[in-house]
Structures are given as structure tokens and as C-alpha cells.
């Protein structure tokens, strides 16, 4: 059946278990009706795991997914249900990781680009608005990604080699656009210096094979040090989180749509280009944010890029057989049947759950944090980041955390925007390191 240029649906032969394909993307095996209840239960469990990982600084759904993949041979759970739990956890995490980023100042790696704009909104008493902006960015991006996943996959299967070859030019253009938005030569120099330091740090650290008692990765201490520790150290001497005003949005609908669309489409890069992370995709999307809505647009775009990767990475795994995120690596390792008729609805349902939880749990987090002693809270979270660094990457991870903290502090002290610290991923990737 013809559905438009390059879009076809293949009809399986009678008795075949495969559903067919759309735009060259196989839909995977047909799920048995008796798996409906296990998949629903697993989706609920995954949403709970994603809520835990999203709200705990330094923890990621990847950690839970890898643990589930390792336990898969010993657990009497259908692989498809296990995959549903992993995907649901990953999606909900991308919605809720904005909460510790705003309330505690410790962003997930993918949310680092929004950390400073979000903090500035919090300091202005607009933290509740920032939460809603993030939820709208993530929700809109997942909707866009779901609607466009088949045609985008069809196009990216053909364009990915070209984009990979020209990625250094794209990275240089992104850096140039970011520098062009600075108000002075001193600010441009500070941004360039911060980007260079972050690039050097990434080149030195990203290639290391570090391991600890718990499955994790070097990104946990790296981003905890770059973006979390400097904010927490400053919070020790700060006045804490101010009282937050109402949640009314102050961004034009057109700007909201542009920022969400830019973030959502940039998430496709994570799925189809090797080595590109959600943090890099978020950074690449920032030049598209309208200048009049820079702070709010940044939060929307970075949240959108973070969440849309769940959809595009799933389609990349189905179409290319290449997992591009930690959660999808775990899905692949666990031998989960790649049934889009089941897994795509799981992503959509988990996104709806995450959308609702952001405002509810985020508002509660602000109320709790405002009542706590900020000095003790900052030291407690710093201690947690050090412990997680040791758990995920061993003693060497603590050294990485300390070095990343130093680079993050230098960037703040010279007046550079923290978004330039995303050079820790963007720089080495552009240089082919």
C-alpha cells in the first residue's frame, strides 16, 4: 500500500508473525494478547523506576536498565515486558530530571544546557513556570517525534553518512552562533576559553574505561563535577531558593512551538549519528531559540531534545540495529523483541505520566527545599555525588569528579555561560577524538 514518497506498508504472508514495515522501518513481531497485562504492569513499574532516577541527583535510568538487563536471564519475566519497563523508566526520567536541576542545582547530563537558564528563572521566583516549560518542551517533542518518526527515519537512513562527515562543521557553526549572541568581546573570550577547557577535559576523560561496583559510566562524575558541584559550592554561601511565584507561562506560543520543535528534531541526531548524546543534541538546538525568549526557550528546547531521543533512538535500533542510548543498549542486551506496536505506545504512555508528574513533584520539591538548611543540603548533595562517582567509576571517578569541578568553577569565575561546558562532549566529537 502506497502512503506517500518512500512510505510503504509491506503486507506479511499468511501465518507470518511480523506485522510489516513502514518507510523501511520494520514494525517487528506481532505481540500476543496474553502479554498485554504483563506489559502494562511493567510499564507502571518502569514509570516508578524513572521517577526515582529522575529525582535523585547523579542517578540515571541507564543504571536501572543495565541492572535489569543483567538480571534478565534469572527473572521469569517476558523479554517484551522487561523492555517496556526499561523504556518507560528512560522516558519518565527525561521528564523529571529537570526537578533536581532546578531545585538542587544538579542537572542530568542531557539537561546541562538548561541548567543556568533554569537557575536564573528560579532565582527570579519563576521556578514553577520553568517546570511547566520543561514539561511542555518534553511532551511536545515526544508528540512531534512520534508523528514524524517514520519519515525522519527514512530520511536519516540516507542522510546520516553525510551528516556524520560534516558534523565538525555543524559543531563549529553552533559554537560560532553561541559566541555571536554574547554582549561583549570579553564574554566571547570567556565562552571560548570555557569551551576549550571543557573540550580538553572531555578528550582526556571520555576514552577512559572506568568501572565501579554498580553499572554506570564516566558521564556521572563528569557532569556532576562540571554542572552540579560549582552550583552547590556557591549555594553553601548563598541565600537558598527564594519563594516561587505562580506557574503562569510568559513565553509567546510561537516561540514555545519553535523551541520545542527545534529540540524535538535535534533529538533525531542522537538516534542516527554515532557518538552524539542528548546533551550535544540539546546544545545544537539552542541557536534556533528565539532571542526574545532565550531563558524560557532554552529550557523548552533542551527538555525537548532530551525526551525526543527516546523515540528516535528506539526507531534507530529497529531500523539500524544500533542502540544509541544506555537504555536501548540494555534493551538490546536483554534480547527484547523489537515490536513497535507495543514499545511505541509504552513510550507515549510513559511520556504522559512524566508530563503530569513534573508539576506535581517539582512544586513539592521546591516547598521541601525552601524549608531546609541550604548549607547542610548542599554538603549532603555534594557527598551523594561523590558516593555515586565512586559507585559508578571507582576511585578514579572521584578524581574525574574533582577535575570536572575545577573546570566548572573556572568557567563560572571567568563569567562564561555554563552552556559552553557542553564542549566536554561536542568538542571531542567534532575533533574525532
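Even glycines carry a Cβ here, placed using N, Cα and C.
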Transmembrane segment range according to TrEMBL, out of 163-180, 217-234, 235-252: 163-180
Per Cβ pairs under 8 Å, the stretch of 135-157, 163-180, 187-208, 378-404 packing most closely against the transmembrane segment (298-322): 135-157
Contact check, the transmembrane segment (378-404) vs the transmembrane segment (163-180), 3+ Cβ pairs under 8 Å, seq sep 6+: no
Listed stretch, out of 35-56, 135-157, 187-208, 342-366, that has the most CB pairs under 8 angstroms to the transmembrane segment (163-180): 187-208
